[in-house]
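Q: After the structure tokens below, expect a handful of questions from me.
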Amino acid sequence: MSFDLIIKNGTVILENEARVVDIAVKGGKIAAIGQDLGDAKEVMDASGLVVSPGMVDAHTHISEPGRSHWEGYETGTRAAAKGGITTMIEMPLNQLPATVDRASIELKFDAAKGKLTIDAAQLGGLVSYNIDRLHELDEVGVVGFKCFVATCGDRGIDNDFRDVNDWQFFKGAQKLGELGQPVLVHCENALICDALGEEAKREGRVTAHDYVASRPVFTEVEAIRRVLYLAKVAGCRLHVCHISSPEGVEEVTRARQEGQDVTCESCPHYFVLDTDQFEEIGTLAKCSPPIRDLENQKGMWEKLFNGEIDCLVSDHSPCPPEMKAGNIMEAWGGIAGLQNCMDVMFDEAVQKRGMSLPMFGKLMATNAADIFGLQQKGRIALGKDADFVFIQPNSSYVLTNDDLEYRHKVSPYVGRTIGARITKTILRGDVIYDIEQGFPVAPKGQFILKHQQ
């Protein structure tokens with residue numbers, strides 16, 4: 001058989017091992033894995049490189065339509081491709097209108113036409129005002145539903161996202177359980193975090209350390225415990241978003257050991273930044289839950305290596321620079337990070353801490369694909385989409401603003417020395433990013449719908 005593409009001599013991350021092996025691609029799918037595979041229209045030599053499954057980033061905010069001055073499909077997905085992401089799962093906020101019904105998700109699809117450099121799946125929102133319309137989003141093909149039990153949304157904008165109270169969460173989770181859909185939750189205690197934040201502002205405590213103190217670990221842990229129990233009673237599969245503390249992870253592990261269907265994610269910034277660095281970087285490193293102290297970070301690394309955290313995600317949530325101005329308590333909370341998930345974590349987890357390549361592949365791609373039912377994504381195996389990223393190990397560079405593809409070229413990682421580089425990203429057999437050529441093909445990304453899997 002003649003193939004479209006053969007990738008030779010790379011160290012390939014397979015599901016349970018990593019070895020030097022060749023990969024053949026035909027029709028955008030992985031057609032063969034082995035040695036002496038025959039002829040192909042194109043042959044790539046990956047000698048000295050790690051060939052990983054393309055990252056499945058299960059937590060991104062692209063903000064289009066309605067807030068494309070924050071980020072947009074064109075810039076956001078180019079940045080993703082440059083960072084080794086081949087599939088993103090987009091959140092139902094920060095765009096306007098929020099993605100909470102059939103009409104609003106159709107606006108998303110229209111806004112993305114011709115702009116997707118990578119493939120994308122979409123989440124629907126569970127908000128205070130759409131519990132009777134959740135079925136609309138399920139019918140369209142979302143792969144899950146996101147909600148906040150922490151305060152969110154601009155109350156001055158009618159169609160912005162809204163948090164849910166316990167009753168709304170419970171009723172929504174019951175309906176999602178019936179639909180076979182997972183509920184994804186931002187877990188922080190709204191009343192306590194809001195009150196502590198207002199108290200700090202009144203007293204003039206506006207440093208990074210003050211912000212972290214206003215959203216203490218117990219507010220995350222309490223919220224995780226609460227939604228775990230409510231989701232269990234409601235009969236709904238639960239995914240806990242962006243866990244920032246080992247104590248929070250422990251709650252998920254305990255529930256899992258008791259038989260509950262629950263998964264969790266965390267983000268690179270909780271592993272590579274701490275509160276002192278947050279103070280130095282300033283508002284660009286503000287997010288919620290917040291970046292915590294070094295002792296907390298050490299605990300997170302232990303949980304990651306123990307296999308208690310299912311996947312790593314960017315929680316890419318940028319905004320215009322003027323929204324990051326002023327003191328930390330007042331600035332927008334969100335980190336621009338999807339372009340540097342893979343290289344930063346390969347450096348920090350694999351090169352500096354000895355994580356195995358198969359574990360890295362599971363955390364960055366396989367587990368997220370499995371959690372959200374993306375059957376063609378997340379692993380290098382026969383019949384799967386030919387989505388790959390080439391990583392050059394032990395190749396240091398200093399990230400600059402000019403390296404970034406975001407609409408606003410800012411990131412808390414600017415100035416950081418990163419000890420690995422993404423050299424090529426391949427989506428369904430086509431190179432969508434190359435370190436020398438840039439972006440050699442027109443955007444070819446597609447939306448992935450649940451009922452098409």
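In case you wondered, yes, glycine gets a Cβ from its N, Cα and C as well.
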Q: Can you pick which of LYS146, LYS286, LYS298 Swiss-Prot lists for the same Zn(2+) 2 site as HIS186, HIS242?
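A: Among LYS146, LYS286, LYS298, only LYS146 appears alongside HIS186, HIS242 as Zn(2+) 2-binding in Swiss-Prot.
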Q: To which of ASP315, ASP343, ASP347 does Swiss-Prot also attribute binding of Zn(2+) 1 at the site defined by HIS59, HIS61, LYS146?
A: ASP315
Q: If I restrict to non-local contacts, at least six residues apart, and a C-beta distance under 8 angstroms, what lies near LYS146 (Zn(2+) 1 binding site) in its own chain?
A: MET91, PRO92, LEU93, LEU123, GLY124, GLY125, LEU126, VAL183, LEU184, VAL185, HIS186, CYS241
Q: Under 8 Å Cβ to Cβ from HIS61 (Zn(2+) 1 binding site), same chain, six or more residues apart: give me those in sequence order, or none if nothing qualifies.
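A: Same-chain residues close to HIS61 (Zn(2+) 1 binding site) (Cβ under 8 Å, separated by 6 or more) are GLU71, GLU90, MET91, LEU93, ASN94, ASP315, HIS316, SER317, PRO318, GLY334.
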Q: Roughly how many angstrom lie between the C-alpha atoms of HIS59 (Zn(2+) 1 binding site) and HIS242 (Zn(2+) 2 binding site)?
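A: Per the Cα atoms, HIS59 (Zn(2+) 1 binding site) and HIS242 (Zn(2+) 2 binding site) stand 9 Å apart.
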Q: Around the Zn(2+) 1 site (HIS59, HIS61, LYS146, ASP315), what further same-chain residues have their C-beta within 8 angstroms of the site's C-beta centre?
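A: Neighbours within 8 Å of the Cβ centroid, excluding HIS59, HIS61, LYS146, ASP315: THR60, GLU90, MET91, CYS241, HIS242, VAL313, HIS316, SER317.
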